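A.B. asks: Pulled from Swiss-Prot, these are the listed features:
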TRANSIT   1-34  transit peptide
MOD_RES   35  N2-acetylarginine
MOD_RES   37  phosphothreonine
BINDING   58  chlorophyll b 1 binding site
BINDING   80, 86, 99, 219  chlorophyll a 1 binding site
TRANSMEM  100-120  transmembrane segment
BINDING   102  chlorophyll a 2 binding site
BINDING   104, 153, 182  chlorophyll b 2 binding site
BINDING   137, 147, 214  chlorophyll a 3 binding site
TRANSMEM  152-172  transmembrane segment
BINDING   157, 173  chlorophyll b 3 binding site
BINDING   165, 176  chlorophyll b 4 binding site
BINDING   165, 262  chlorophyll b 5 binding site
BINDING   213, 231  chlorophyll a 5 binding site
BINDING   217  chlorophyll a 4 binding site
TRANSMEM  220-240  transmembrane segment
BINDING   246, 255  chlorophyll a 6 binding site
């Protein structure tokens, strides 16, 4: 590294002398440039109808001309931004990252809300299968048992759970943002580089389609989670229990009647 730096500082490259810079500056600039180049390289053009100027828009042929800054480069871009939230590139990059991360959490959360109820309806014993009541089991005398089995995971300390969450999630987020032990950031949002166990980035066209599927399902999951929150507040039941009640008696168990008869605090 020292020999390389000395040769660069004392010779010319492409007819222009290279300025004498400290090795730390060269290394720092190289790291930044490598990350920027890698990030740009991940934006793969696709012949898919979900990318480019001819992509599917939010109202189809009635959508009109999308804003100039929405070029169809990223997954989930339907050319709709009436509030101008994506006009500033830095704000757009930040919001895009937040949306993708929230989409993933919402998909996991929606599965976590429905799956325990589904298992409970098929004979698996839980202390509490309702997603919004399950956490309160930690305050019971017996504590919180995973899948109702104390030999799997048994928790009685809220502080211990909080500490584990902070440590584990902090490690995962740190790995995602910093690029892991190798310090390689190809794209902090998607697999690639040092972390791509399924080899998704090796198939650019298929990977581009998967990104669209992820963002579409993630947006639906965020709406689903909002619906689960409202259901829990209004009916005090989980999503599958509410669905079963509606199927059994759709006339008296529907969103309109429940909403109009809802009294906060009762």
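Keep in mind that glycine also has a Cβ here, set from the backbone N, Cα and C atoms.
Structural setting of the listed features?
C.D. replies: Taking the Cβ of residue 58 (chlorophyll b 1 binding site) as centre and 10 Å as the limit, one finds 13 other Cβ atoms among all the protein chains shown. Mapped onto three states, the DSSP output places residue 58 (chlorophyll b 1 binding site) in coil.
Under the three-state DSSP scheme, residue 219 (chlorophyll a 1 binding site) falls in the helix class. Residues near residue 219 (chlorophyll a 1 binding site) in space but far in sequence (CB under 8 A, at least 6 apart, same chain), listed by position: 76, 99, 103.
The 10 Å shell around the Cβ of residue 102 (chlorophyll a 2 binding site) contains 16 further Cβ atoms across the protein chains shown. For the recorded site, residue 102 (chlorophyll a 2 binding site), the DSSP three-state label reads helix.
Shown in sequence order, 214, 218 are the residues of the chain, 6+ apart in sequence, with a C-beta less than 8 angstroms from the C-beta of residue 104 (chlorophyll b 2 binding site).
Within the chain, the transmembrane segment (152-172) has long-range Cβ neighbours (under 8 A, six or more residues past its boundaries) at 138-139, 143-146.
Residue 173 (chlorophyll b 3 binding site) falls within a helix when secondary structure is assigned with DSSP.
Under 8 Å, Cβ to Cβ, and six or more positions away along its own chain, residue 165 (chlorophyll b 4 binding site) finds no residue.
Secondary structure at residue 165 (chlorophyll b 4 binding site), as computed by DSSP, is helix.
Under DSSP, residue 213 (chlorophyll a 5 binding site) is assigned to a helix (H, G or I) in the three-state scheme. Sequence-distant neighbours of residue 213 (chlorophyll a 5 binding site) (same chain, 6+ apart, CB under 8 A from its CB) do not exist here.
Listed in sequence order, 103, 107 are the same-chain residues six or more apart from residue 217 (chlorophyll a 4 binding site) with CB atoms under 8 A from its CB.
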A.B. asks: Quick one: pull the CA-CA distance for residue 80 (chlorophyll a 1 binding site) versus residue 262 (chlorophyll b 5 binding site), whole Å only.
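C.D. replies: Residue 80 (chlorophyll a 1 binding site) to residue 262 (chlorophyll b 5 binding site), Cα-Cα distance: 35 Å.
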A.B. asks: Given the binding-site residues 86, 102, 157, state which is nearest to residue 255 (chlorophyll a 6 binding site) when distance is taken between Cα atoms.
C.D. replies: 102
A.B. asks: Below 8 Å Cβ to Cβ and six or more residues apart, same chain only. Which residues does that give for residue 157 (chlorophyll b 3 binding site)?
C.D. replies: 138
A.B. asks: Nearest by CA distance to residue 262 (chlorophyll b 5 binding site): which of the binding-site residues is it, out of 58, 176, 231, 246?
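C.D. replies: Answer for the nearest of the binding-site residues: 231.
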